[in-house]
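See below for the structure under consideration.
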Amino acid sequence: MMINYFQRVNISAGIVPMTTPTADAPYYNWDLSQKSLILSSFFWGYVVSQVPAGLLAKRFGAKYVICLATAVGGIMCFFHPMAANGGYINICVLRVLTGLVQGCVYPCFHTLLSKWVPRTERGFLTTGVYSGAQFGTAVILISSGNIFESSMGWPGLFYISGGLGLAWALLFFWQGADEPATSSSISKVEREYIESLTGSNTSSQSLAIPWKDIFTSGAFYGLLAAHCGFTWGFYTLLTEMPTYMSSVLKLDVKSNAVLSSLPYFAMGILCFVVSPISDLLINRGTISVTTARKLFNSIGQWVPMACLIGLGYMTADEKTGAIVLLTLAVGINAACFCGYLVNHMDLSPNFAGPMMGVTNGLAGVTSIIAPLIVGVVLSNEEDPTQWRLVFFITGAIYLLCNLLFVIFGKATVQPWNDPPSMSSTMTLRSNIQTDSRTTAPTPGKENQF
């Protein structure tokens, strides 16, 4: 996740020095609308590839798909400086292609996690893996300042992220495994333990996806709403935070890089705080799985909403307060990882990957729209009142989307997960019903929230 986020975030970190005159690196006089187009173009390809990536991972195995996608993305990183020299249209095309291969990441990882992560550890282990997105974002933002000031200049950011992508793809191709049954590095006892607690059938690659049942499920639409809300808020801040800190808070490039990374370090650390709490509450029977998912998702979206409202009234004279609110707004998003992000596996262990492809693809549309709306709202990047409207719009999206998740969301295995004559998930359901220590303690509590 860290390596793939290097490929995804490098343009957000690089857009400021790429458009700022420096002594040792080329720069480009792109206007606000062109920069917004560059930042959003990644998601055009990203949206298109989500569902096909989920289907490919299910059909051929997530290991091979993610290895190929990461390697190709790494190669394309090397061509970014050359593309920029040819104009902003060229860099937009390259970002679309990068988005196409990066669209494989979440469906592939969800497919792998649905086969590898026991339900009793789902919150902690899944959050642990996906926290790599935040640490990857933080690392590339905090290191970018030093890279920009080195002899490599801003092109070095793309060369480094490309080289690391190629190295990781080779390593995972050598060491990775699609499921416990194909891994040579675990014992039979561990393999049987994992398989009994995932609910994902070992023959799920050949199962037909119940698209009609999925698209007529209220729980699916609640999940989709929560995913869209998180994506809108997260990527609005990810793509625009360096510009906000430079234009409104008047921070230099190096300070901007360090402080822009702070919220993502906070989010990565908080992932390891909230996830064990969520698992503990569930496994002790204190709250049901459904209640836990809604509670933590509400914390992860409604608290940042309040922070963004406050941020809208900050000025350049209140740098410290603005940075604290930005850090909280992004950092507390970590609670969503114990909410909507693991909900695909709650609803359907067999089809978590394809479901992630659908929700992440549709949520990715918001990633295209959000930077474009920012480009429309901002006629003057240095005007705090225009940024206030950007933050208010993001807060409203958080409010509405999480409310839909609270109303319609569930965290029980859905009937359409079970294929005819297959018993893996039925075994999981039996375990859920009989093991009162690791699930809700009383019948009916799943619908209590």
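Even glycines carry a Cβ here, placed using N, Cα and C.
Feature annotation from TrEMBL assigns domain 'Major facilitator superfamily (MFS) profile' to 1-413.
Under the heading region 'Disordered', TrEMBL lists 424-449.
Under 8 Å from some Cβ of the transmembrane segment (37-57) lie the Cβ atoms of residues 8, 11-12, 15, 30, 65-66, 69, 88, 91-93, 95-104, 106-108, 110-111, 209, 235, 239-240, 353-358, 360-362, 364-365, 367-372, 375, all in the same chain and six or more residues away from its ends. Positions annotated as transmembrane segment by TrEMBL: 37-57 (among others).
For 64-82 (among others), the entry in TrEMBL reads transmembrane segment.
Annotation comment: TrEMBL describes 88-112 (among others) as transmembrane segment. Within the same chain, residues 1, 4, 7-8, 11, 28, 30, 34, 37-38, 41-50, 53-54, 56-58, 62-63, 65-66, 69-70, 72-73, 76-77, 79-80, 129-130, 178, 344-345, 352-357, 360-361, 364 sit at least 6 positions outside the transmembrane segment (88-112) and bring their C-beta atoms closer than 8 Å to a C-beta of that stretch.
The annotation transmembrane segment is assigned in TrEMBL to 124-144 (among others). Residues 1-6, 9-10, 12-14, 109, 113, 117-118, 157, 161, 238, 242, 257-258, 260-265, 267-268, 271-272, 274-276, 278-279, 334, 337-338, 341-342, 345 of the same chain, all 6+ positions outside the transmembrane segment (124-144), place their C-beta atoms under 8 angstroms from a C-beta of that stretch.
The transmembrane segment annotation in TrEMBL covers 156-174 (among others).
The transmembrane segment annotation in TrEMBL covers 219-238 (among others).
The transmembrane segment feature in TrEMBL is assigned to 258-283 (among others). If you look at the transmembrane segment (258-283), the same-chain residues 6 or more away from its ends with a CB under 8 A from one of its CBs are 13, 120-124, 126-128, 130-131, 134-135, 137-142, 145, 237, 241-242, 245, 251, 289, 292, 296, 299, 323, 326-335, 337-338, 437-440.
Look at TrEMBL and you will find 295-316 (among others) tagged as transmembrane segment. Residues 226, 229-230, 233, 248-250, 274, 278, 287, 322, 325-326, 328-330, 332-340, 384, 387-389, 391-392, 394-395, 398-399, 401-402, 405-406, 409, 449 of the same chain, all 6+ positions outside the transmembrane segment (295-316), place their C-beta atoms under 8 angstroms from a C-beta of that stretch.
Per TrEMBL, transmembrane segment is recorded for 322-343 (among others).
Feature annotation from TrEMBL assigns transmembrane segment to 355-377 (among others).
What TrEMBL lists as transmembrane segment is 389-408 (among others).
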Long-range environment of the transmembrane segment (355-377) - Cβ separation under 8 angstroms, sequence gap at least 6: 32-33, 35-37, 39-40, 42-44, 46-55, 103, 106-107, 110-111, 214, 220, 223-224, 227-228, 230-232, 235-236, 239-240, 344, 347-348, 386, 389-390, 393-394, 397
By Cβ distance under 8 Å, which residues at least 6 away from the ends of the transmembrane segment (219-238) in the same chain are close to it? 9, 12, 43, 137, 263, 297, 300-301, 304, 308, 326, 329-330, 333, 336, 339-341, 343-344, 347, 355, 358-360, 362-364, 366-367, 369-371, 374, 390, 394, 397-398, 400-402, 404-410, 414
